[in-house]
Amino acid sequence: MTDQLIPIQWKDGELVLLDQTTLPNEIRYDSYQTIERVWDAIVTMKVRGAPAIGVSAAYGLYLGVKDAPENYYDKFFEILKEKSDYLATSRPTAVNLFWALERMEKKAKSLAHLEVSEIKTELLQEAIAIHQEDEEINRLIGENLLTLLSDGMGILTHCNAGALATTKYGTATSPMYLAKEKGWDIKVYADETRPRLQGSTLTALELHRAGIDVTVITDNMAAMVMSQGKIQAVIVGCDRVAANGDVANKIGTMGVAILAKNFNIPFYVAAPTPTIDLRTPTGKEIPIEERGEEEVTNRFGVPTAPKGVKVYNPAFDVTPNEFITAIVTEQGIVQAPYEENLQKLLKGAPDAITK
Ligand SMILES: CSC[C@H]1O[C@H](OP(=O)(O)O)[C@H](O)[C@@H]1O
């Protein structure tokens, strides 16, 4: 579909990103040729969503070293580390950023026997591989989530863990697209998700364009629609899953999880395995990004709070694992005890998954 919204493309040696800060009113693609501009696109959320941040950072790192001197190995690897550390300062919470940078550095080190020019070529191929793998991961997550859903269900989602946050399908939205292909009649309720409003500006946009039944609600309506029996499942994305199954996701996710538990509604987290971080023991250790106050007080272009008043704007919160019914990955569905089962999952142990 030519008018499909494609968040990330590598075209003719340039990274092309869909500017997600102008959606849904303006569809705008920009070309990126430097690591500095990719860093800025991540910080200003022109590209956002844990998987999309990882893929963009991989291409950004290649852009940062493609013109590095080729006559000294040590110098090249010094520059590679410096550029990787630079991109790592863009946003702190989504572990996919650090996972992608680490994977690129590891790839370069494994090729230290090659000429620097060849290493550069291989680094671009690694970024392309990360990009292509993400699409397959999301499709598999959708298939696994679909086994937990049924025709006619009402599904609530929070923020955007959609095709716009990844390379295709999305994670939380993946089963919605697959359900549509199967001819199921599912109704999606999208929390607008203050303050950045990614639910209404992004999730509603991509699902509506795909002909999927989506209704925008304000975040404080979630309890009402649950109490009315409109919701049979909640599906959200994630930015980092700690080793014990605590999940960092867009601010407001924890509240939705607590509501879901109150109404006995299953709460599923769609989690690509690169978003699972066994090096972070619990949610308490996940760094939570704080963003500018203008996102809260000027989101609609006019001040909605008195000048000079204090503003708190954490971009994420952490949902404790006890509120999570299942963490659904591309490798399978994981349930409590998460500490044990997440470790088994990442070691490929078949008994880690419930499916
Ligand atoms: C599969 S996207 C995961 C996650 O990323 C989003 O955060 P942001 O838009 O700030 O990058 C949101 O928390 C999504 O659920």
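The backbone N, Cα and C atoms fix where each Cβ goes, and this holds for glycine too.
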Need a hand: TrEMBL gives ARG48, GLY49, ALA50, ARG91, ASN249, LYS250 for substrate, which of GLN4, GLN132, GLN198, GLN331 is also on that list?
GLN198
Using a Cβ cut-off under 8 Å and a sequence separation of 6 or more, which residues in the same chain sit near CYS159 (site 'Transition state stabilizer')?
ASP191, THR193, ARG196, GLN198, GLY199, THR203, VAL236, GLY237, ASN249, LYS250, GLY252, THR253
If you count the other CB atoms within 10 A of the CB of GLN198 (substrate binding site), including all protein chains displayed, you should get 28
Shell list (substrate; ref centroid = CB of ARG48, GLY49, ALA50, ARG91, GLN198, ASN249, LYS250; cutoff 8 A)
ILE53, ALA94, CYS159, ASN160, ALA161, ALA165, GLY237, ASP239, ALA315, PHE316
Quick one: pull the CA-CA distance for ARG48 (substrate binding site) versus ASP239 (active site, proton donor), whole Å only.
11
